[in-house]
Amino acid sequence: MNNCPAVAPADASSPKNTQDNKLLGQSGISVDIPAQEMVGSEFDSRMMQRCLELARRALGRTSPNPLVGAVVVKDGEIVGEGFHPRAGEPHAEVFALKAAGDSARGATIYVSLEPCNHYGRTPPCSEGLINAGVSKVIVGMVDPNPLVAGGGIARLRAAGVEVVVGVEEAACQKLNEGFIHRILYKRPLGILKYAMTLDGKIAASSGHSTWVTNQDARSEVHQLRAACDAVIVGGNTVRQDNPYLTSHQVGGHNPLRVVMSRSLNLPENAHLWEVAEAPSLVLTEIGSSRDFQAMLLKKGVEVVEFPSLTPELVMTHLYERGFCSVLWECGGTLAASAIAQGAVQKILAFIAPKIIGGSNAPTPVGDLGFTTMTEALSLERVRWRVVGSDCLVEGYLPQISQ
Ligand SMILES: Nc1nc(O)c(N)c(N[C@@H]2O[C@H](COP(=O)(O)O)[C@@H](O)[C@H]2O)n1
Ligand SMILES: [Zn+2]
């Protein structure tokens, strides 16, 4: 799968989904390249792919910052590499320049995101590159952050550095679709993931659901968790499945495991209350059981009370915590509310070639209030691929007018 995120909305303050399917390079921020056309040589593409490979080493750990990789090339050879490890630490370019040392003078640097041009937690990379004497900068994508937004490229060009923009642009945007969404919409990207049988059920009518999909699909879900900042379930999922929601990867990142429960009618001994491996957060409403809250706090589980617990407010809360991407792994009722409230932009549906039947067996998305097929949400930029014996369908939701 290789598609790019929806970006460049008319109103970037809106948390709702967007139908605007333009590439970042085509809109809002001006970039002098036509999208979809190959920019740069095959060698440039290979170097940019190396940048993305380096960037992925920090998967799940950089929010609210992006994943960025950089490679310094001199006389056709890589002389320095780097990636951004986490917010507050130096940017990818700084690590790559440091590794290159004096060889950076007159060299070309590839970087998957436009070099920054502002004083944030760290100083501007544009100045660092100019001071190091690089002669050419090859950029994957323009930084949507309004503090940068083409300013890094302009600064470099003003200093006489040659700049090429848009090498492997779609792949660079895809890697940072959560960061882009966060910057443009002031919300994390919401990804609804579910696994269902060929007849559209996520469990048997008894509630039994282990396992709908094969091991390959479950490993893919573990990788997905490792790349996300948080994973959300509702109380029903805790009661019925008692999940761990970890990435099951040695040394891999674990997302914050979030439970939404108005009543706190939850089991006392759920796996999610074991926080040695990964942190947990319970979101509830004011007035829910103080005793249960005290028990959770004692076990190290964070509890936050809302006057009214809704997916929309939860996404606002997670944005304020600095998150870029949130995985909804909930049941159908919560999934429907999350979709209706614009808390989901992307769908990942694993479909297993199995039939369970049962008119009461649960389905992935509950009532959306639609009564005709013309109201159905048609996904955009749909891709699918086979994962073991299952099929994974990926797509983006259109904007819902409310
Ligand atoms: N080009 C580039 N390389 C990196 O390694 C980066 N982390 C970024 N990030 C951009 O700068 C903002 C964060 O700045 P501070 O880390 O706070 O100094 C981030 O929002 C991106 O716009 N860019
Ligand atoms: Zn920087």
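Backbone N, Cα and C define each Cβ position, glycine as well.
According to TrEMBL, CYS116, CYS125 bind Zn(2+); the candidate from HIS84, HIS91 that the record adds to this site is HIS91. TrEMBL names SER209, ARG225, LEU245 as substrate ligands; from the candidate set GLU114, GLU127, GLU320, GLU329, the record adds GLU329 to that same site.
Just one of ALA195, ALA276, ALA278, ALA349 is listed by TrEMBL for the same NADP(+) site as TRP211, THR237, ASP241, GLY331, GLY332, THR333, LEU334, ALA335, ALA336, SER337, and that one is ALA195.
When the Cα atoms are compared, LEU245 (substrate binding site) and THR237 (NADP(+) binding site) turn out to be 11 Å apart. A separation of roughly 17 Å, to the nearest angstrom, links the Cα atoms of GLY331 (NADP(+) binding site) and ARG225 (substrate binding site). Within 10 Å of the Cα of THR237 (NADP(+) binding site), the following binding-site residues from the list HIS91, CYS116, ARG225, GLU329 place their own Cα: GLU329. Checking each of the binding-site residues ALA195, ARG225, GLU329, SER337 against HIS91 (Zn(2+) binding site) by C-alpha distance, the shortest gap belongs to ARG225.
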